[in-house]
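Annotated region 'Disordered' per Swiss-Prot: 49-448, in sequence order. Taken from Swiss-Prot, the feature compositional bias 'Low complexity' applies to 52-71, 112-139, 177-187, 320-333 (among others). Residues or ranges marked as compositional bias 'Pro residues' in Swiss-Prot: 160-176, 188-206, 223-235, 260-281, 304-314 (among others). Under the heading compositional bias 'Gly residues', Swiss-Prot lists 210-222, 334-414. Taken from Swiss-Prot, the feature compositional bias 'Basic residues' applies to 415-426. The feature domain 'tr-type G' is assigned by Swiss-Prot to 539-711. Residues or ranges marked as GTP binding site by Swiss-Prot on the basis of sequence analysis: 548-555, 598-602, 652-655. Swiss-Prot lists 548-555 with the feature region 'G1', giving similarity to another entry as the kind of evidence. Residues or ranges marked as region 'G3' by Swiss-Prot: 598-601. The region 'G4' annotation in Swiss-Prot covers 652-655.
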Amino acid sequence: MAGKARVHELAKELGVDSKTVLAKLKDLGEFVKSASSTVEAPVVRKLKEAFPAEGSAPSSRPGGRPGNGARPMPPPRPGPAIGRPGPGSGTGPRPGPGGRPVPGRPGPAPLPGASRPSTPTAAPQSQPAQTQPPQSQPVAPQPSQAPRPAAAAASAAAPAPAPSAPAPAPSAPAPAPITSAPTAATPPAAPQRPTPGGPRPGPAAPGRPRTGGPGGPGGPGGGPRPGPRPGPRPAAPGNNPYTSPAAGPRAASGQGGSPSAPPRPGAPRPGGPRPGGPRPGGPGGQRPSPGQMPPRPGGSGGPRPTPGQMPPRPGGSGGPRPNSNMFQPRPAGGAPGRPGGGGGPGRPGGGGGGPRPGGGGFAPRGGAPGRPGGGGGAPGRPGGGGPGGGGRPAAGGRGRGGTTAGAFGPGGRGRPGRQRKSKRAKRQEWESGLEAPRMGAMVPRGNGQAIRLPRGASLADFADKIDANPGALVQVVFTQLGEMVTATQSCTDETLQLLGVTLGYEVQIVSPEDEDKELLESFDLSFGGDYADDVELSARPPVVTVMGHVDHGKTKLLDAIRSTDVVGGEAGGITQHIGAYQVRAVVDGTERPITFIDTPGHETFTAMRARGAQVTDIVVLVVAADDGVKPQTIEALNHAQAANVPIVVAVNKVDKEGADPAKVRGQLTEYGLVAEEYGGDTMFVDVSARNRTGIDELTEAVILTADASLDLRAPTGTEAQGVAIEGRLDRGRGPVATVLVQRGTLRIGDSVVAGEAFGRVRAMLDENGAQVSEAGPARPVQVLGFTSVPDAGDNFLVVPEDRVARQIAERRQARERNAELALSRGRPTLETILERMKEGEKTQLNLILKGDVSGSVEALEDALLKIDVGDEVGLRIIDRGVGAITETNVMLASASDAVIIGFNVRPQGKATELADREGVEVRYYSVIYQAIEDIENALKGMLKPVYEEAQLGTAEVREVFRVPRVGNVAGSLVRSGIIRRNTKARLIRDGVVVADNLTVESLKRFKDDATEVREGYECGIGLGSFNDIKVDDVIETFEQREVPRT
C-alpha cells in the first residue's frame, strides 16, 4: 500500500490477525489504538520488513483452495525433547492403558485439489533416538469422503496397522516417523527415554486418530490410536494472556489409566483456540520443558518468523481466525514426535470447524463430553469442511468457538494464566465498593428499664448502657427525633430523655454529686459519709462562720476577737475574701480553740456565704443595732437555716446613738429566731466591736451552743478530707489554696485532688504565715503544691498516689467540658436560630476578668452577668482567671476586642507595653462595686441612641406657584414656630397626612433665600420633587432629637 492503510487491512495482507499486527507495532514503538486505526506509509514499510514472508508469500485457505507456488515447510529443529518414550520396536498402534485401544475420531475427508507428498517418507532407524525427520514437499490435499460418525465409532474398535508406503493425507504435509511392521494387540514396550535430538513420539489424545499412512485414521476406515500412558505431564510454557484461569490440568483420560468416552460428533473441540492459529501439541503426551522445545511461531519475544523459517506445524488446535492468506499446504501427518491435532471450531454463525486435514480431533478436557459445536462447515470456509470438533470442557474457556488455549502457547496446565475481567465484573466490583453501609441495625428495646447517664453524655455512652451500636442510635435520633447528632457528640438532657422514651427506656440524668461519687467509687475512694465503728474519734474545735449585712461590723468583730486589724487592710472597708482563722478562747478557765470563717456581706458574695454556711458548725449572725435587719441579713439567715446549723445572734454597734437592740430582737422574731429572754432557744449577745465589749460573752455563747447541740468529734488517723475555702495564684509560690480539714490529718507530701486541680502538698501555712507539718480536723491552712488554682468550695481529699489524683482531675475536667458543650449546643429550633441572628446584630462587650482569689473572680463574674441594660447590648466574659495579667491575656483581648478587668492584680512582665502597643484597654479595681458601676455605665454608653420627634413650626399654603425647572412652590404664611430650610416636613390636607418625610429644599422670602422664617411672616416653600400641593394645605416641619438613655 502506497499511502495510509488500516491495521486490519495490513493484517489481511500479511496473513496474520489484527492483534499480531497491533503487538508488532507496539514492539516497533508505534502506538496504534485499534484495528480500525490508520498508519502512515513509513510505518507500513517498517511493518512489512518485520513480516517479509507474510507480506509476499501466497497462501491457501484451509479447506482445500489450492495455492500456487506453495513453499515447502522446513524441517523442525533438532533438540532435546522431554516426553513419554515411544515403543522400542514395532510398527503397530500402541494400546492404551489396560491394553484396550482408545476409540478415535475419524479424520476428515481430503478436500478436492489436495496435494500428495512429493517424496515418500524415509524409514527411520531401529532406535527412535537416531531417527531424523525427513524433508517433504508440500502438496495439495486430495478430497475424500469423510466417514459418518457411526462408521467412525465402529472403525475405532479395531487397531490399524502402521502405514508402510506414502499415502495421500488431507492435511498439510509434515514429516512423520515410520516405524517397523505393526503387530496388532501387542502390549507396549517398556518406557524408554528418547535421545535428545530425535523425534518426539507421543500418543494423541483419546479420540484423536493417528495420521500419516494408508489405512490410518487420516484416511477412510482408519483405526484409533491407543490412549496415552499414565503419568503426570509437566507444565508447558504458555504466553496466552487470554487463557482462562478455570482451565485446569487435563482430564484423567489423557493421564490416567482409563480412556474417556469419545466426544459427540459435531461438538466443539475442547480447550482449542480459534481455528487457523499456531498449534501446540495435542493433549495426551508429556509436554517438554521450555528449554527443550523448538521456538514457537507467533510467540512473544522477537519478530514473527516467516513460513520459510518455521518448523512443521504441530498437530495442535488452531489459534487466530483463519483467512485466505494465512495457511500453506502441508503434507499429511504431524510433526516428528508430535501427534496430529484436530481443527478448531468455527466462528459463531459459520458452523463448527472440522478437524485440520491429516489430524484427528481433541477429546474434551475434564474427562466429560463437552457442549456440542456448530454444524459442519462448508468446504472452503475457514474452519469448516468437516465434522464438528470435540466437546468443550465444562471448566470454562472462551466463548465463540472454544478456549484460546494454544493460540499464544498452551494454557490451562501448570500455572494458571491471568484472565481479563470483563466490564460487567469491573462494574459490579465498583458498585459493590460504593455500596453504603447498612444502618438498619436492630436497637434493643427496653421495657421501662432505667438507665443512668451523666450530664452531657453522648450516644456512644447511651449505646454502652443498652449494648447497641452507636451508629444505630445516630440513625434513630435522626429519623425519629429529627436531629443530627454524631456518636461522640455531647447531647442535651432533653435529647437523651426523648431518645429513651422512643426506645422504651427511662433515662435518669445523674446529678453532679452522684456523678462525682461514682467517679470516686471507681478508684475505691469515698468522700464524707458516716464513720466506721472501729474508727477512733477525737475532739475537734467548732467551726464558726460570721455572716451578716455589709458594714454591720463582721470583720471588725473578728478583729476584736483575734485582737488584730483586718479591716484596715481591706479595700473600701469591706471584706472581699473568705478569711479563716483559729483563735483560742478561755471559757470557764479552759482554753478552747475556735475556728472562725469570715464571709463577705456584700450582695455579690452570695456564693461565698452559701459555702461558709455549708462547712460551718455554728453561724454567728451579726446585726447592727442602729440599722436593724437588712436584705443580706435575711439571706444569711436563710443560708444558715438551709444548712441546719445553730445560730447565735450578735447585736453589734450598741454603743452608737440611736441603737435599739430590742428592735433587732423583735425583727428577728418574724424569721423564727426567738431570743431566750422571750422564751426562745436562740442566744442574743450585745457587743461593740469598736469598744471590744461583749467579746467574752460571745465566745462563751459559741462554746455553750456547740457543747449543747453538736458532737464535735472526728477521726485523726485516716486520710485527710475537707473543703477548699479559697484559692489564689501567688507570684512566688504558685497556686495557693486555703483549705479546711474536716476529717483525718493532712501532712506534707500527701497527694491531693481538689476539683479539677491536683498536686502534692509541698508546704502548709497557718493564718499567721507560720509553716506547719500537719493539720488535723477543723484546722484551716494554706496549701502549696497544686498544679492549678482550685475553685472555692471544691472538696479535696488525699489519694494513694499522684497518678490517681491526675486521673480523677482529668475525668472531672472532661465531665465539666461535656456538660458545658451540651448546654451551649442546645437543640436547634427556629426560635433559637432567630435569636442567634438577633444576637449577631446587637453590640457586645467582651471582658477578661483577672482577680487575686478565685472567690472574688466568681463574685465579680456573677455580679457583671446580672447587669441588664436592654436587649441591644450584650455582655460576654470570654476568659477569667486568678493571678496577674499576663501577655497571653493581652493577646486574647486584642484578638477578641475585649477589655481586661484587673481586680486586686497588676500586669506581669511586659504585659503593659504589649497592651499599649495592641491598643487593649486594661482597667484596675480594688473594690468590687466600683467595677460593677463602671461596667454598667459602659454598657449604657454602647446603647444605640434613641431619637424623638420635635415639632418646629407650621405654615398654611395660600397660593401655589409653578416655577420652571423647579416645580411647584407653596406661597405660605407661617402660623406657628419656625420654618427652617433643610428640615423634615410633612403635608397635611384636611387633617390627613398626605405626604411624610419630605424635605424643605428651598425657602425664600420674596426673591431672597432665607434660612428660617418665623411666625407671622410669608414665605415660599419648595418641597423638592413633590408637586402635589394645593391651597389650604398645612406644611408641618420637625426634626429628630436624641434622647439620653437611662
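Cβ from N, Cα, C; glycine included.
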Exercise. Once near-sequence residues are set aside, which residues in the chain of Val654 (GTP binding site), 6 or more away, have Cβ atoms under 8 Å from its Cβ?
Worked result: Ala625, Pro661, Asp686, Val687, Ser688, Thr693, Gly694
Exercise. Residue counts in helix (H, G, I), strand (E, B) and coil for the region 'G1' (548-555), per DSSP?
Worked result: 2 helix, 1 strand, 5 coil
Problem set entry | Within the region 'G4' (652-655), residues counted as helix, strand or coil by DSSP | 0 helix, 1 strand, 3 coil
For this session: Count the Cβ atoms, other than its own, that fall within 10 Å of the Cβ of Lys554 (GTP binding site), considering every protein chain shown.
Result: 28
Seminar exercise, completed: Per DSSP (helix/strand/coil reduction), Thr599 (GTP binding site) sits in coil
Seminar exercise, completed: In all the protein chains shown, the tally of other Cβ atoms within 10 Å of the Cβ of Asp551 (GTP binding site) is 17
Exercise. What is the average pLDDT across the region 'G1' (548-555)?
Worked result: 80
